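These come from Swiss-Prot:
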type	residues	note
CARBOHYD	91	N-linked glycosylation site
MOTIF	169-176	motif 'Cysteine switch'
TOPO_DOM	196-668	topological domain 'Extracellular'
DOMAIN	206-402	domain 'Peptidase M12B'
CARBOHYD	272	N-linked glycosylation site
CARBOHYD	277	N-linked glycosylation site
DOMAIN	410-496	domain 'Disintegrin'
CARBOHYD	531	N-linked glycosylation site
CARBOHYD	551	N-linked glycosylation site
CARBOHYD	605	N-linked glycosylation site
DOMAIN	628-660	domain 'EGF-like'
CARBOHYD	631	N-linked glycosylation site
TRANSMEM	669-689	transmembrane segment
REGION	699-759	region 'Disordered'
């Protein structure tokens, strides 16, 4: 047997007992390998050690892949199972038995090969290493060769054989019905692509709540071993989750059901019949007892032809058609998981890949031939299809992550799912990046108000009235924060009956159904509504014109209801995404589908059929009487309007609950309330500082005359030339004695400027007894050295 060298560790290689080697189906070539677990080097712990987990958050294994030593990096998938995960089987009496296993720790991992640009891994470590590894274009399966619960034991690593059962490898969805039909805009115009991308940026992460059913043949195939079946289903779900993570969608397994006592529906080789039967069972039975978004049936039945899977297109979130069926067509269950992911893609609006689609890897999920290789990514076409599906509001169930009150399992802090008694859950302390959440306790940190949600910003609640979800279109309403919760309220719509599309329609549950839009959805761009004469055919009561079907008979429409029966259009494409016949006569064009349960060929409820009249169940009825929405908004207090459930909703910018306080005014009042006292304090402080400054300046002016002022004084007060004083005149002047000086310093007259000396002067007398004016004498005064200059008045 030719072997590939996948792990060269000579001292670990040893003969494996034949009794310990499991029989690997059709695996004629495999290499016995011993994965080596690499333990990370850790710094000395400075904090309280974390609780030890049975399965670590991150793992690394060393092995040689494709002749080169490689390190496999794995990260635990903590959210593989939904919090309300349950398992259902039937006892010998046919009674349903449902359990909620407390699976406290996960042994399912996803990852890649370190330093490889294109690689992926989906691995279970529950009992050794079991799963799938890809490296470039090479794909491998790995399985333990013994039942020992060891990872460093003998494993078989074998290549994905693309030649296995190639003759039976196709999906049953017919592409010919889709390439030019509703989804003909796979190659969308640039403007449309920009719109889709812009819309996706704002969308939250998608949650696909997944339910798997196995028929009685599968139960027998796995020797009626429920534990083994659970292990296989969880490995498949882990692989599917790995694929859809690339679309920012999380696939959470909410339940597994095994028909242990017999099949609950008729399963035949006709895949279409089996799909219809499973669809009805799901809507009438399963959905009433278990909440989920999509259900798939895995069957051991060999479907006719090359079909191994079938699903309804663009039906995710539909109560009856969000289903798919998959044949257990391979000995390797992960190949079956690839088909399960493929059929789920159809439910999400994806068509098969064709030549012009760009695939990041060798094979993508939506390739029509499902057996050639294991898919590892989605093509460019699939991504555009998926974005379009989300844009068309067909995916409402994907945006509702499980509510804590809906969770019945034991809460586990660190699984990144918000459960009862948890404020937040950001993963383990190593994984957590939320600064508001304490990862050890799943509680909000002290001093903070919130940790997540549209109404939480920087760990604080946003103010009431702040818009947390803008209106998407004219039939939508904006949602505002209430100031109490960190989460945005549920999506609300304008009251049913509000005019839309420039008066061509009326809103109904957030949509604006019009004949024009339905014709374009059916036949594509360039389609328009047929003449009213075509709609008169609905009064005939034939297969090509009717309002109801009763006991197989096509019932005619009344004249007033003719616009509410069969849909008639003109122009557009000749191909449709549904099986059936296209019938044209004159300018009238209609569609006769094989499956009438979807009602795509009939005028939709809520379509305008006259002034204040809408179609409801193929009858043209009075809108206000039907919707009961007349004057609803007048009953709302404050700045509120009525929504589609006749409840009062605050207008944009107005704070709940009374809608009387504007968010803008509220914010302004807060700003004013804070800034006004600060402004008053600032003004008071400024006045005090100014007065103190003025006083200090006045003192300096009084005590320290400036040189500039002295110069001005010398210029103004320079005496005129007078004749010299004669000695006899001097003798007549009154003698000046020190005792004659005044005891107090009077204020200088305002017209007298003071000269600043070079040294601190003593008190300067400015006036003497007597009123006779004495001219300034240049001759030094006897006291001039003591008192400086003397100014006489």
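Positions of Cβ are set from backbone N, Cα and C atoms, glycine also.
The structure, with features from Swiss-Prot marked on it.
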| residue | record | CB count, 10 Å |
| --- | --- | --- |
| 91 | N-linked glycosylation site | 10 |
| 272 | N-linked glycosylation site | 17 |
| 277 | N-linked glycosylation site | 19 |
| 531 | N-linked glycosylation site | 13 |
| 551 | N-linked glycosylation site | 5 |
| 605 | N-linked glycosylation site | 17 |
| 631 | N-linked glycosylation site | 8 |
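The glycosylation sites recorded for this entry are 91, 277, 531, 551, and the Cα of 531 lies nearest to that of residue 605 (N-linked glycosylation site).
Here the candidates are the glycosylation sites 91, 272, 277, 531, 631, and by Cα distance the one nearest residue 551 (N-linked glycosylation site) turns out to be 277.
Ranked by CA distance from residue 91 (N-linked glycosylation site), the glycosylation sites 272, 277, 531, 631 have 277 at the top as the closest. If you take the Cα of residue 631 (N-linked glycosylation site) and the Cα of residue 272 (N-linked glycosylation site), they are about 49 angstrom apart, rounded to a whole number.
Across the domain 'EGF-like' (628-660), the DSSP tally of helix, strand and coil residues reads 3 helix, 9 strand, 21 coil. Shown for the domain 'Disintegrin' (410-496): DSSP residue counts in helix, strand and coil, namely 0 helix, 16 strand, 71 coil. Between the CA atoms of residue 277 (N-linked glycosylation site) and residue 531 (N-linked glycosylation site) there is a gap of 39 Å. Residue 531 (N-linked glycosylation site) and residue 272 (N-linked glycosylation site) are 36 Å apart (CA-CA, integer value).
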